[in-house]
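Student: According to TrEMBL:
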TRANSMEM  7-29  transmembrane segment
TRANSMEM  49-69  transmembrane segment
TRANSMEM  81-101  transmembrane segment
TRANSMEM  107-127  transmembrane segment
TRANSMEM  139-164  transmembrane segment
TRANSMEM  176-194  transmembrane segment
TRANSMEM  201-217  transmembrane segment
TRANSMEM  229-249  transmembrane segment
Amino acid sequence: MKEKSKALLNALLLVLTLVVNFLGASGLINGLSQKAVSDMYPTLLTPAAFAFSIWGVIYTLLIAFLIVMIVKTNDDYYKQVINEISLLFWLTCVFNMVWIVCFSYNLIGLSSLFIFLLFVMLLFIVLRLGKIQTAKRWLVPAAFGMYSGWLFIATVVNITAWLVQLQWNGFGLSHALWAVIMLIVAIVLTMLFVMKLKNALFPVPIAWAFWGIYKNVLAIDASGAYKELSIVAVVGTALLVLLALFQLYRNKFSILPTV
């Protein structure tokens, strides 16, 4: 398949993904919006509602990337991008749509599987982009750095909701303690991912999610019972922002280092 055809198929699949996401958010799939389903399984790791506005940033970057890719299919860099990531991108779109449908039908366990597969495909995309990065190219690594980072924390939240659905007792530990443990593990994993991916934007949506978690905990914790969780969320936000800035510095103020 020629690069132009691949680019157009990328765009078509993204449009379909956006349509399915709109249907899911609007409650037009199974009569339940994603928020309504999420509210059925409250967790201490679910960010405040405002945090999910980051989807607008992510999809705007993806749309811009696809438009540029279609227009510049003769550009050597975009030819490489198209050939390197198109198949993986198609899979991300399929997994994204199936995840939305499963979640809307309250199949939280199955949706956890598909969001995890979506995240893994995005990791492969970011890794491949790192192998072809050239100077002054920011749009593609920005789009997939933000997308993969957000999907990491979304995967954690989705799996946590599944555990709530299963009524898992957490080996007798409190929900607050498990939330603290999960946030610490998420910070450590983010550091490891950044070491491997070298994408300076990967930690940014995770930091945003941590801030959303902090604000959500404040809203529900009138008694101060989750003080430790609030502290970990705030400190985690700061650490993740510093991690992003440090990687940006290591990349010589580029989202990805030039190969």
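Using the three backbone atoms N, Cα and C, a Cβ is placed for every residue, glycine included.
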Student: Are there residues at least six beyond either end of the transmembrane segment (139-164) with Cβ under 8 Å to its Cβ atoms? List them, or say none.
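Tutor: For the transmembrane segment (139-164), the list is 38, 41-43, 45-47, 54-55, 57-58, 61-62, 64-65, 68, 81, 103, 108-109, 111-112, 115-116, 118-119, 122-123, 125-126, 129-130, 133, 170, 182, 186, 189-190, 193, 197, 199-206, 208-210, 255-256.
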Student: Do at least three C-beta pairs under 8 angstroms join the transmembrane segment (176-194) to the transmembrane segment (7-29), pairs 6 or more apart in sequence?
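Tutor: No, the stretches stay apart by this measure.
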Student: Between the stretches 7-29, 49-69, 81-101, which wins on the count of C-beta pairs under 8 angstroms to the transmembrane segment (201-217)?
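Tutor: Looking at each of 7-29, 49-69, 81-101 in turn, the most contacts to the transmembrane segment (201-217) are made by 49-69.
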Student: So which of 49-69, 81-101, 107-127 is most in touch with the transmembrane segment (7-29), counting Cβ pairs under 8 Å?
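Tutor: Comparing 49-69, 81-101, 107-127 against the transmembrane segment (7-29), the winner is 81-101.
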